[in-house]
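Listed in TrEMBL:
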COILED    124-199  coiled coil
COMPBIAS  235-286  compositional bias 'Basic and acidic residues'
DOMAIN    297-367  domain 'J'
REGION    235-291  region 'Disordered'
TRANSMEM  6-28  transmembrane segment
Amino acid sequence: MRYAYVAGVVVAIAVVVVVGVTVGLFAFRKPAPDPTSALSASWGTPLRSTDVSAAPVPTRIRTIPAWVKPAAAVGGAVVALRSILSSTRKPAPPVVKKKSRTWTRVALVGLTVCALAQAREVRLQDEREQEKIAREVNEQWEQARERAQRETEARERAQRDWEARLREQRETKAQERAQRDWEARLREQRETKAQERAQRERDALLRAQCEARARQRAAQRERVDALLRAQREAQARERAAQREKEARERAQREKEARERAQREKEARERAQRKRDAAGEQARRNQEAMLAKSKRKDYYQILGVPEYADQSAIKKAYRKLALQYHPDKNYGATNEELKTVEAKFKDVCEAYAVLSGAEMRRRFDSGF
């Protein structure tokens, strides 16, 4: 009894597996290929919806036959019930038990074979219908492609014709424009030549007038230049005299400024020395007076004022050098020669000091 129960359970599981396989064959069968994608891949570019006429594509979704599910359910129920009944009733003779098992197996095998055959027939029918649909779609796409190619060729021919007409119009306009330009250039050349002739005549007349005026202006310019030269010479003499006067005045002002600065400096020094020590001030005054008395007065030696310029100093030096030169006093006595040489030496020394700006400044400052 226990073995019969186990056998019934195994048979029920087998029936369920067979039914599941049958349902899976229909549920997970290979779908029909998409003709649109296949054509797009063969043409290289995807088709537009406007390239072909929108025609409905016949489709058919196959389902499991209506008799398969009830038959499988009834068979499974019969087998399960038989197994349960066989497990609850008394054990039959060995021969009867063997016959019941054989009939059960035969029923299961028959159901399985019928289900598989029906599934194969449905699958083959679906494949045939899908191939038929694909052929119809391919034919439609081929017709649409040919129609699109014809339309494209027509558009290209129209485009080429339009471009040819446009090119002819452009060439015609270019030729007309070139003709107008050539005529305009010809008119301009003629007008230019006429203007050049008139211009040459005017230039000749103007040249003659200009030459006459140039001769008149040259004569006037010569007279004006002579007057200007005389005026410039007079102005130059006046400026030279004015510069000499300004130089003398400037030298006088500088001398007065130096004397005033010297006096102010000496006054400050005296005030400082008085504040520092009366004895030191007296001693310095004595030394300054002694040095001043011992120093030679080069201005007095040359006989020029202190504000004299370089030209005056040079003139005085040449005069005294000629006067006291030893060669000019050839017949003098020895004492007179010594006196003349001493004076000549003093004159040279005075000129050497006063001719240089730095040494003259130091001499004027009291050094």
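Placed from the backbone N, Cα and C atoms, the Cβ positions cover glycine too.
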The compositional bias 'Basic and acidic residues' (235-286): DSSP-derived helix, strand, coil residue counts: 51 helix, 0 strand, 1 coil
Residues in the domain 'J' (297-367) grouped by DSSP into helix, strand and remaining coil: 54 helix, 0 strand, 17 coil
